[in-house]
Structure formats: structure tokens, C-alpha cells
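Annotation source Swiss-Prot lists active site, schiff-base intermediate with substrate at Ser25, citing sequence analysis. What Swiss-Prot records for Tyr58 is active site, proton donor. Among the features that Swiss-Prot reports, substrate binding site is placed at Thr57, Gly73, Ala74, Ala75, with the record citing sequence analysis. Swiss-Prot lists Ser25 with the feature pyruvic acid (Ser).
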Amino acid sequence: MYRTFMTSKLHKATVTEANLHYVGSITIDEDLLDAAGMMANEKVQIVNNHNGARLETYIIPGERKSGVICLNGAAARLVQPGDEVIIIAYGMLSEGEAKTHTPKVVVLNKENQIEQMIGQEPARTIL
């Protein structure tokens, strides 16, 4: 049996843009994608820490070193530039894979630069 597990997340990302008149998706700095092990067109969940909104979309790679986190299309109605979000990727793992899987947690600062890389999310609140 396969179960769904978090594979990686970008924690405390700051929304830089919200573009309502785009087809859809989230644009993320490609350096951040590499750090988190996320890929273009991968399905992700977005959690807005400012208003509690949760949504799903897919990734479009953004310009490297730009720090871009841009919600596009209808998702732009649920975020504002400056909002803090968590971007979570999930994967289907077998029981055996799940026992050895270590998710990547990339903690960002307010400029969307990598502040900390965590091999496994600690059992405490990250401030």
C-alpha cells in the first residue's frame, strides 16, 4: 500500500507577487526548487500563514537568485505580496520507503534566501 507523505517544503516563504491575469500556478525561484528537491509542474500545497487559506497548484520555475514567489491566476485572490506562506510537496511512498524517507525542509528569511536546511522537521515549532 502507498501512502502520501511530505517530501519537502519551503517554510516561511514571502510572497513577492500575485498575478491574477495569468493562467495559473506558482512561480518559484529555481534555486529554491533545487534546494527543496521540487520540480517544474509538480503539484504543491500552499498554506497562507496570514489568513489560513490553503490551496493546491503546480510549480513554474522562476529566475534564479530572484527570490520570486508569485501566485498566479485564481490563487492570486488568496494571497497578497508580503504574506508568509508554506509551500509543501508530497509524494506517494511504500511502507518500506516511508521508513527511510527524510523530507527536506528549507527555512527562508523574509527575502526568500535560505536561512536553514533541515533534514527532518523537528518535533517542535519553528519560529
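Placed from the backbone N, Cα and C atoms, the Cβ positions cover glycine too.
A simple way to gauge crowding: the CB of Ala75 (substrate binding site) has 22 other CB atoms within 10 angstroms, across all the protein chains here.
Within 10 Å of Tyr58 (active site, proton donor), counting C-alpha to C-alpha distances, fall the following of the recorded positions Ser25, Ala74, Ala75: Ser25. Other residues of the same chain near the substrate site, with their Cβ within 8 Å of the Cβ centroid of Thr57, Gly73, Ala74, Ala75, are Gly24, Ser25, Ile26, Leu55, Leu71, Asn72, Ala76, Arg77, Leu78. For the binding-site residues Gly73, Ala74, the greatest number of Cβ atoms within 10 Å around a candidate Cβ is found at Gly73.
Residue density at Thr57 (substrate binding site): 18 other Cβ atoms are found within 10 A of its Cβ, drawing on all protein chains shown. Between the alpha carbons (Cα) of Ala75 (substrate binding site) and the residue listed as 'active site, schiff-base intermediate with substrate' lies a span of roughly 7 Å. Within the same chain, residues at least 6 positions away in sequence whose Cβ sits under 8 Å from that of Ser25 (active site, schiff-base intermediate with substrate) are Thr57, Tyr58, Ile59, Ile60, Asn72, Gly73, Ala75. The substrate-binding residues named in the record, Thr57, Gly73, Ala74, Ala75, extend over a maximum Cα to Cα distance of 10 Å.
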